[in-house]
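These notes are about the structure you will find just below.
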Amino acid sequence: MTTEHPTADIVVVGSINADLTVTVARHPAPGETLLGGGGGITAGGKGANQAVAAALQGASVAMVAAVGKDPYAEPATEHLRSSGVNMSSVAEVDETTGLAVITVSEDGENNIVVVPGANATVDAAYVESRADVIAGAGLVLLQGEIPADGFAAAVRLATGRVVVNLAPVIEVDRASLLKADPIMANEHEAGLILEQLGAGIPSEEPTDLAQALLDAGFPSVVLTLGGAGALVADASGVTPIATPSVSSVDSTGAGDAFAGAFVARLVAGDDLVPAAEFAARVGAFSVTGHGAQASYPGPDDALPACE
Ligand code: RIB
């Protein structure tokens, strides 16, 4: 296929952020002021994180996204460029680059507030202007950091597999959302997705949540459970996925590392379960380093294994 914007095995239609990360002994209570450390800007955004994680595992990846014409664009795209992600469908627009303000506590847990900035311009009109790239992809990967109409346009244009990690959970077109195969979510997001679909939340039990997502109409589900691993669910049943036990310093972007590595293995031919088993090891590796993309393993890094 000859296209103006070259296509790739995986096209991520999603966000690029500059992450402003502050370290704190513990997260502040409402109304409280704490002293922290850090304050550096690193590359982030759920879309970019997932694109980088997939590219580092050898997948050919292109991004449909937008950044500002400001000083944050350069650090925000550093790893996209160095990991070989095709950037020809990343627009420079008259908005500020997306910004995420992240606090990381001593136990490695994070809180994140995102200012969309340029990501808000990845709407239906912009996504449609990249129709050839999206239609040419074997797999289109989406998150919840772009406008809902851009999300729906990307699903409509996709001719290959659609994988959705609806983080954060935004209100999207129901039929578009149900094209996700799989839908990837953590337990909190799974509850919000079920609510959005008007389906009941059966219980807090992960197996029940995964089954409820299947019952709501998704062909397959990956429910991520942090340090407890994940569940893969489809018509053949629900399979627990173990995760290696590691010492966490920063969990920022760990779910994105999982998602990117997971789709890299899917396009390489793996089924859902082996792809998720590999992704769990990549996610575990990522929490042992600081930041999002800077903590992701490349093909030569030794991944932790389950005991
Ligand atoms: O998932 C982690 C990411 O969420 C951060 O990189 C931040 O940019 C926000 O999008």
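Just so you know, glycine gets a Cβ as well, placed from its N, Cα and C.
All TrEMBL annotations are machine predictions without curation.
What TrEMBL records for this protein:
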ACT_SITE  Asp256  active site, proton acceptor
BINDING   Asn17, Ala18, Asp19, Gly45, Lys46, Gly47, Ala48, Asn49, Glu145, Asp256  substrate binding site
BINDING   Asn186, Thr224, Leu225, Gly226, Gly227, Ala228, Gly229, Gly255, Asp256  ATP binding site
BINDING   Asp250, Thr252, Ser286, Gly289, Gly291, Ser295  K(+) binding site
DOMAIN    8-297  domain 'Carbohydrate kinase PfkB'
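Feature map: annotations from TrEMBL on the structure.
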residue : record                 : DSSP (3 states)
Asn17   : substrate binding site : strand
Lys46   : substrate binding site : helix
Glu145  : substrate binding site : coil
Asn186  : ATP binding site       : strand
Leu225  : ATP binding site       : coil
Ser286  : K(+) binding site      : helix
Gly291  : K(+) binding site      : coil
| field | Close-lying binding-site residues around ligand 1 among Asn186, Leu225, Gly227, Gly289, Ser295, where CB distance stays under 6 Å | value | none
| task | Take the C-alpha atoms of Asp256 (active site, proton acceptor) and Lys46 (substrate binding site) and report the distance between them in angstrom, rounded. | result | 6
| field | Max pairwise CA distance, angstrom, over record-listed ATP binders Asn186, Thr224, Leu225, Gly226, Gly227, Ala228, Gly229, Gly255, Asp256 | value | 16
| task | Specify all same-chain residues, apart from the site residues Asp250, Thr252, Ser286, Gly289, Gly291, Ser295, whose Cβ lies within 8 angstroms of the center of the Cβ atoms of the K(+) site, ordered by sequence. | result | Val249, Ser251, Gly253, Ala254, Val287, Thr288, His290, Ala292, Ala294, Tyr296
| task | Starting from the substrate site formed by Asn17, Ala18, Asp19, Gly45, Lys46, Gly47, Ala48, Asn49, Glu145, Asp256, give every other residue of that chain whose CB sits within 8 Å of the mean position of their CB atoms, in sequence order. | result | Gly14, Ser15, Ile16, Ala43, Gly44, Ala76, Gly98, Ala100, Gly253, Ala292
| said: Over all pairs within Asn17, Ala18, Asp19, Gly45, Lys46, Gly47, Ala48, Asn49, Glu145, Asp256, the annotated substrate binders, what is the largest Cα to Cα distance, rounded to whole Å? | reply: 15
| note | Across all protein chains shown, the one of the binding-site residues Asp19, Glu145 with the most other Cβ atoms within 10 Å of its Cβ is Asp19
